[in-house]
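Engineer: What Swiss-Prot records for Cys88 is active site, acyl-thioester intermediate. As annotated by Swiss-Prot, active site, proton acceptor applies to His348, Cys378, with the evidence given as similarity to another entry.
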Amino acid sequence: MREVVIASAARTAVGSFGGAFKSVSAVELGVTAAKEAIKRANITPDMIDESLLGGVLTAGLGQNIARQIALGAGIPVEKPAMTINIVCGSGLRSVSMASQLIALGDADIMLVGGAENMSMSPYLVPSARYGARMGDAAFVDSMIKDGLSDIFNNYHMGITAENIAEQWNITREEQDELALASQNKAEKAQAEGKFDEEIVPVVIKGRKGDTVVDKDEYIKPGTTMEKLAKLRPAFKKDGTVTAGNASGINDGAAMLVVMAKEKAEELGIEPLATIVSYGTAGVDPKIMGYGPVPATKKALEAANMTIEDIDLVEANEAFAAQSVAVIRDLNIDMNKVNVNGGAIAIGHPIGCSGARILTTLLYEMKRRDAKTGLATLCIGGGMGTTLIVKR
């Protein structure tokens, strides 16, 4: 089978809930990132054979947001596009699925990634279809229902983090320490301009002129253990998971161009990385945050590698509790993981996050001249997905 490379990667800044992107749809964010990824790959939109793009909260956005983004980016109508929803893993799974198609010869060049605007997720009125026959009619938050609730146990994702904290004996202090490290690293990285190269500015038109958003909005400078310790448990009365040691509710898009290695050579393109292996696995939905462990073991086995062979790791910080469990059980060197902060600081726009962490990983690998990298996320519903790349 053919080798597959990543030719380019670009992302928007990550916006806060109700922040800069509150009126910029996931499609618009996706188009901006897609155009930039295509430009950075030094190809034209008509060279894209197919688009596979992640998106989770798509209610009210119209049919197949991947198709909307593809056409918005100038890709011809003859080229197909498909939206992928494997919740938080969508943006990364799109990459591994595209690599399968390319390896088999079904495509040469593909657009992959993900886009999400959690701020714009609508409320649903299920009883409105046939009429609320008697009593009050409830509004259902589609963001919670379709993105942040465990359908199998009927509770919030935060409870799955509490379950892990209890089962793995992870203390509140350990969680806050990881959260603090994430914030401090992200604050430092942003101040040093480390995210600038990967971010494409989003121009928002307004009555008083244009606003340019080119900085991650959610990072909280000046975070301390004292401030984190004051926060109350968010999901359980005597729990340990707080707003401070959990990821944010965010908006953003990240896109990449992947292609056959032989096509890159033909076009004279120097890729960011080569895709080595990938793995997706399931766990009990009650401990969904543990999903990266079996997924990573699967990817490492496929690559005939050990975790010690990996130079840099981006492990999505859905919650500090699950991050501690994953890092501990995979025996990941803390000096290699989320070196510029993670989702607790930067944010977690769910359908975009897989592509966001991969984009961040690729640029940091380039900066450090790292040879191997691994990106992994836990997935609501009890799964994990991992991708390994090399330079």
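Residue numbers in this text run from 1 along the chain shown.
Cβ atoms here come from the backbone N, Cα and C positions, even for glycine.
Describe the structural context of these features.
Structural biologist: All protein chains shown were included, and the count of other CB atoms within 10 Å of the CB of Cys88 (active site, acyl-thioester intermediate) stands at 35.
Taken residue by residue with DSSP, His348 (active site, proton acceptor) is part of neither helix nor strand, so it is coil. Residues near His348 (active site, proton acceptor) in space but far in sequence (CB under 8 A, at least 6 apart, same chain), listed by position: Cys88, Ser247, Gly248, Ile249, Asn250, Asn316, Glu317, Ala318.
Around Cys378 (active site, proton acceptor), taking its Cβ as the centre, 33 other Cβ atoms fall within 10 Å, counting all chains.
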Engineer: Please classify the secondary structure at Cys88 (active site, acyl-thioester intermediate) using three-state DSSP.
Structural biologist: strand
